[in-house]
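**Q** Feature annotation from TrEMBL assigns active site to 101, 126. The annotation active site, nucleophile is assigned in TrEMBL to 101.
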């Protein structure tokens with residue numbers, strides 16, 4: 001039986017009594033953001049709005065994006081990535097579980113030296129895909145051209161942010177490449193692999 005989103009007490013500034021807020025709302029106030037689903041327009045807009053608002057509120061405190069995602073839509077994901085580069089605060093990325101496809105793209109998009117994977121996390125990269133079978137012939141060619149442009153964009157970002165040669169990244173993008181946390185570190189997608197009892201994130 002689902003329990004819903006847990007609620008925790010939180011005292012608003014200037015208030016005497018605590019109010020009950022959902023745990024994610026409380027974590028957002030500590031600048032901890034979560035992507036725990038496939039990337040779509042709705043979650044992308046929520047994360048973009050939170051990053052911009054929290055950066056406006058205090059641009060001296062870093063943001064933390066925890067990722068456990070099987071991937072999702074490319075364009076909304078690129079929107080999140082661009083926002084991460086745009087906001088003045090550093091965005092730490094943390095892989096907790098799986099960062100696949102667009103999830104791995106967002107993971108690599110964190111501030112360089114501030115990208116982390118938990119020890120048993122998995123990371124997967126591959127090229128963007130689409131449902132060609134739904135398209136008419138003319139649409140197929142337009143869609144194929146757009147996919148090639150998107151692939152070039154994603155490949156260029158991976159090359160820039162991992163330090164790997166273009167030929168290595170291009171070869172990896174040809175198929176699903178699954179990595180352990182340490183393999184993702186060797187690949188330059190993350191900078192650190194977490195170890196137990198190293199302290200908190202705040």
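In case you wondered, yes, glycine gets a Cβ from its N, Cα and C as well.
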**Q** Can you grab the distance from residue 101 (active site) over to residue 126 (active site)? Cα atoms, rounded to a whole Å.
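**A** Computed Cα spacing between residue 101 (active site) and residue 126 (active site) is 6 Å.
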**Q** Across all the protein chains here, work out how many other Cβ atoms are within 10 Å of the Cβ of residue 101 (active site).
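**A** By my count, 25.
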**Q** Just jot down the residues in the same chain as residue 126 (active site), at least 6 apart in sequence, with C-beta under 8 A of its C-beta; none if empty.
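**A** Counting only residues 6 or more apart in sequence, the Cβ neighbours of residue 126 (active site) under 8 Å are 101, 172, 173, 174, 175, 176, 177.
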